[in-house]
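**Q** Below is one structure. I have some questions about it.
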């Protein structure tokens, strides 16, 4: 085993996580076949039972990581109750993973409105037609609701439902993982005690 097999190179020298994440995401956009911005989102219900599902990251900056959803959905209700969540990105083509967790805030209305307007018209209709996470009688019932809202909003802009908006995870920890031979992977974690605090960098055993 050579020294090169035990070290990854440059990413462990990063001084803060957001620029590094941006670099990794851009590389994933070139190599991943589908949805490089897909991420597993973990929440917890009132009984402490965890739930996980895939969502799409719609933005990130030094404030945090943003996704949008129906606030009356299971994930919406769980986040509103706990104000905490975790994410895990896995880019198989690059053999990389990024995990993060922290408190969650609701994005400002103006930010949610801007994103909602950018969505395809059919997706905006769907936000009205789908009672997300609730029992559905049949596919026909969903398609009927879509047809009704399509007729209702046949002309003009489609307003954003009050129950549909975005969440921003403000991470207290972000871990970067890169696959290495013999399971001697590289792990680099950034930690802070508060959403606006300074980052501490820690290299972790695989």
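Cβ atoms here come from the backbone N, Cα and C positions, even for glycine.
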**Q** Report the candidate from 91, 177 that shares the FMN site with 53, 54, 55, 56, 57, 58, 68, 69, 75, 97, 132, 133, 187, as recorded in Swiss-Prot.
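**A** The one candidate that Swiss-Prot places in that FMN site: 177.
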**Q** How many Å separate the Cα atoms of residue 185 (substrate binding site) and residue 75 (FMN binding site)?
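**A** That separation, Cα to Cα, works out to 32 Å.
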**Q** If you measure residue 75 (FMN binding site) to residue 58 (substrate binding site) at Cα, how many Å is it?
**A** 16
**Q** Do me a favour and check the Cα-Cα span between residue 53 (FMN binding site) and residue 183 (substrate binding site); whole Å is fine.
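**A** The separation of the Cα atoms works out to 27 Å.
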